[in-house]
Each structure stands twice: as C-alpha cells, then as structure tokens.
Amino acid sequence: MGNTCGVTLRSKYFASFRGASQRHDEAGYAPVATSAAAAAAADEPAGKKAPRGSAAAADAPHAASMKRGAPAPAELTANVLGHPTPSLSEHYALGRKLGQGQFGTTYLCTDLATGVDYACKSIAKRKLITKEDVEDVRREIQIMHHLAGHRNVVAIKGAYEDPQYVHIVMELCAGGELFDRIIERGQFSERKAAELTRIIVGVIEACHSLGVIHRDLKPENFLLANKDDDLSLKAIDFGLSVFFKPGQVFTDVVGSPYYVAPEVLRKCYGPEADVWTAGVILYILLSGVPPFWAETQQGIFDAVLKGVIDFDSDPWPVISDSAKDLIRRMLNPRPKERLTAHEVLCHPWICDHGVAPDRPLDPAVLSRIKQFSAMNKLKKMALRVIAESLSEEEIAGLKEMFKAMDTDNSGAITYDELKEGMRKYGSTLKDTEIRDLMEAADVDNSGTIDYIEFIAATLHLNKLEREEHLVAAFSYFDKDGSGYITVDELQQACKEHNMPDAFLDDVIKEADQDNDGRIDYGEFVAMMTKGNMGVGRRTMRNSLNISMR
C-alpha cells in the first residue's frame, strides 16, 4: 500500500465475491467442499474457548488488496509489532466468532480482570506475505491509536503478538450496522439523515485534521456501539487508511464501486475522496439507492466518471433544496472545488439546529435500502451453491488448469505458483496485480487458493455464463421442487449457510416481477445476472486470456 505516487492497483473489487462463497463460509479442497466449521477452526488462535454469549458485533472484512514488493523477511513476520507484548490469554478469554476479514478473524473476547466484553481481531501472521502486508498491520494499529479518543471512532484497547497471530483488542460494537438500524426503526427523516451525516463527516474531519485518509468509508464500516442509541455510531476498519501530508497524491485504487470517487479511478487523489464517499452515503440515506448506478461494474465506473446526479426521480421532488445543494457540493467531480469535511459540517442543512426537515421520508426509501442490502446476500449465497455443485464433467478444463498451476501437487496454489502459471498462460500482469487476484480468490484466507476457491473464482468472474449453473442453484433453493422459491425456502437456505434471514420478504419483492409472492426460474436468472457484485479491472478469467467454459 503506497503513500507515494507509485502506480499500484489495490481494489476491493472482490469484497463482494469473497462474500459470495464467504463472509462466514469457507470451502475446502477436493471437488467437494469441507464444512465451514472445519475450515474456520483451522484458522482459530490456539486456546480459543467454545462459543459463548450472545452479544452481536461485526468486523467488516478487510478489502482484497494488492501488495507491492518482495516477500516479507522472516524477522519481520516473527516480530510484526516491533516490540514484545504480554500474552493475550493472560488478559482476555476469546469467545465466539464475530466476523471474518481478509487477514484474520474477529472474536468476542472478555477482559479477565473486569469481565468487560471487547472485540478481538486476530490476524494470521502466515498471511502477511510481503513487507507491505506487515507495514499495513502496523499502520492500522498506529492509526487506531492516533485517532484514539474520538467518540465516533472505535477505541483500540491494545495489541498483542504471539508466534502465529497479531491480536487487536478493541471496543465491541454490539448495535449492528448503520443501515440495518435505519430499517429497524421503520421511520426516517431528513433531520435524522443530517444527524448521521454530521457524525460520519465529523469522523472524516478528525481523520483529515490528524493527517489520515480513511479510504474505505461505506455503511458497513459504521457500526452502532449501542443498539438503543442511533447516534452511537463508530467508524471501524482502518485497514486501508493511510497517513498523508498536504499535497500528497495517492494512486492506489481502493474502495467499492458505488462509493469510489472519480479521482480514485483516475489514480490521482487525496483526502477529498473521503468527502465524495460521504456524499454517496448521504444520497443513499435520503433515497435508498446509490447515485451512480448501472447494470455492470464498468457502467458504474462510467457513471461515476460522468458525475450526473439524478434529482428528478422519487423521492427527490420532495427532498429539501438544501439537502440537494449539499449533495451536489459533496459530489463535485473536481476535488479541489469539492467541500472540505469542515465546510460540510458548516452547511446549513447539516449543522446543529439546521434546516433539515423533520418530516418522515417516503416509506419506499426504507424499502429500497432493505433491498439494496439484502439482495447481494442472496446472490452471494447462490454463488457458493453454484461453485459447490459443479460436476467433474463441467469443470474438467478448469481442473486441468488448477493441476497445471499446482506444481507441487499440494492441493493448493501458492502465490509463486499462481504467478508462474499466469505467465505460462500468456498473462502480462504485474506482480502486484497477480497478488490482487490471489487475495481475491482466497476466500478462506488461507494464503493459498484451493480447488473450490479456484472454481468459485472463475465461475463468478465468468458472470455465470452457463445456464446449468443457474439451474443447479435454483434447484438448491427450490427445496420442494415446485418451480418456485418461497420465503420459507430462503430462510432454510440461510440457516444452512449461517446467514441472517432478515428482510427476505424484500428479496422476494425485488425479484418477483409478476407479484405472485415467490421467485420463478426466469426471475431468479434475471436477479442473478443483473449488475455485478465486484469491482475491479482484472479478473482471473480475462487475466488468463482463455476460455473458462
């Protein structure tokens, strides 16, 4: 991750794909996937206690990122923090798993002295492959300490290191995600949106004033510390954040498609990109949809670069002119003309006792937010089903390719094997771009690509071209073979994949084109092939420059 102008490509375009087979699910080698529990157990810190308690929290997955440079020297990974630390187990007891990230897993943990619960992110040191990986972990901890004391930034309690892991103990955010809370409330107003935006932009202002760019702002990275307090919002996940100096230019492509600023796509940006992203979040808060939307990832990029904002469709005719003025200023495509975080906080619509109306927004906006959040969850689950249901005949070519790359016949492709294999297939990718693909396909965060991961990656990135894949997924959900997917069947599938089943009614409504309360095959295909859940310019398929059929 560069602080200077060296051209690298670091994108989160597989964040959604990673969730397709996994946010919480893992796959194993064979042609048959292993269980999620077994795979997860393989990456748990030694001494982890059995699951206990029911406190809820989440740690947004680290972005799939592209690394530069040579492998990390052994002395670096042996001593990531650069100084000795006490043993984590002397002070905390690990509990149940809360979330899975790019480099590690977050657990509930309890302070042995006080009984207070915290969240502990355990980062597997074996996944810190390059010197930049090690520097990223150090910098994340440094930035969390640097921002300590801000009431809307998750508080770090301490960092610990043992031979296998780096552990970051932090404040537990048990209130859930921002959008989930909005949906739960059932009522939302411009004034409430102004209050939340004031918090989000306040975090940005604090970061920028302390020389930090967050670079990964999105609703999932704002959690509520307390489910009973709508304003207990906390910014989390500083894994992509960087220190900056005034005038410094960054070229790393990071972010998610809906939220990425145009100058990030152009690989020349600074702290202004955070304000753009906050503007996108505000637009979604008020309308339930992102301002830059298209059926494909490239279409989204084109829309972002074009910068045309829709204020004509519902509900915008009844949204205040002041709100629209603020959004226009936050989404100014010219970074130097965009409002700064401080200027946003001084805008009449957002400041204390400002002009934001208190009347409830159209209920349709809440519905759209629910659909925007829930639909991806079903797609992700379906993609895993497809990857695990392929027959030997269907994947014979891919299996041979996997075997050709797996030169030591270990059942997993290492970074070096992938790099050599890509070049054998005529790829001209830079090492950093290959690293990005490696991390994208490694859904179980093992540091290698196993058989099912390879198949799942090529299937997803091939945009589900084979109809039989879709038939297999549809049949999986259609438990009774009726030709329709019902809410009950989706609930059962969610249980099987350890996924939340909230808002499935909204998934049905979104896909149900004939309004009969269920999803037929045609509607399912339309849902699965609409849009794209990932972002990025490189895929395993087009990088190999061969047919994946």
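Here, residue 1 is simply the first one shown, and the rest follow in order.
Cβ atoms are placed via backbone N, Cα and C, with glycine included.
Neighbour density for D216 (active site, proton acceptor): within 10 A of its CB lie 25 other CB atoms from the protein chains shown. According to Swiss-Prot, the feature active site, proton acceptor maps to D216, an assignment based on sequence analysis.
In the three-state DSSP scheme, Q100 (ATP binding site) is classed as strand. Look at Swiss-Prot and you will find L98, G99, Q100, G101, Q102, F103, G104, T105, T106, K121 tagged as ATP binding site, backed by sequence analysis.
The Cβ of S410 (Ca(2+) 1 binding site) lies under 8 Å from the Cβ of T448, each of which sits 6+ residues away along the same chain. The Ca(2+) 1 binding site annotation in Swiss-Prot covers D406, D408, S410, E417.
Among the features that Swiss-Prot reports, Ca(2+) 2 binding site is placed at D442, D444, S446, T448, E453. In this view, T448 (Ca(2+) 2 binding site) is surrounded by 22 other Cβ atoms within 10 Å of its Cβ, with every protein chain counted.
The Ca(2+) 3 binding site annotation in Swiss-Prot covers D478, D480, S482, Y484, E489, and the record cites sequence analysis as its basis. Under a cutoff of 8 A between CB atoms, and with a sequence separation of 6+ in the same chain, the neighbours of E489 (Ca(2+) 3 binding site) are F477, D478, K479, D480. In the three-state DSSP classification, E489 (Ca(2+) 3 binding site) falls within a helix.
Per Swiss-Prot, Ca(2+) 4 binding site is recorded for D512, D514, D516, R518, E523. Packing around D514 (Ca(2+) 4 binding site) is summarised by its Cβ count: 10 other Cβ atoms lie within 10 angstroms of its Cβ, all protein chains included.
Annotation comment: Swiss-Prot describes 52-64 as compositional bias 'Low complexity'.
Restricting the average to the domain 'EF-hand 1' (393-428) gives a pLDDT of 74. The feature domain 'EF-hand 1' is assigned by Swiss-Prot to 393-428, with sequence analysis given as support.
Under the heading domain 'EF-hand 2', Swiss-Prot lists 429-464.
Among the features that Swiss-Prot reports, region 'Disordered' is placed at 43-69.
Annotation comment: Swiss-Prot describes 356-386 as region 'Autoinhibitory domain'.
The two recorded residues T106 (ATP binding site) and D406 (Ca(2+) 1 binding site) have their Cα atoms spaced 31 Å from each other.
Every protein chain considered, the tally of other Cβ atoms within 10 Å of the Cβ of D516 (Ca(2+) 4 binding site) stands at 11. Of all the binding-site residues listed here (L98, E417, D442, E453, S482), S482 has the Cα closest to the Cα of D512 (Ca(2+) 4 binding site).
For the pair D408 (Ca(2+) 1 binding site) and S446 (Ca(2+) 2 binding site), the Cα-Cα distance reads 17 Å. The shortest Cα-Cα distance between D406 (Ca(2+) 1 binding site) and any of the binding-site residues G104, S482, E523 is the one to G104.
Around R518 (Ca(2+) 4 binding site), the C-beta neighbours below 8 angstroms that are at least 6 residues distant in the chain are Y484, I485, T486, I508, D512.
In this structure the C-alpha atoms belonging to E453 (Ca(2+) 2 binding site) and E417 (Ca(2+) 1 binding site) are separated by 15 Å.
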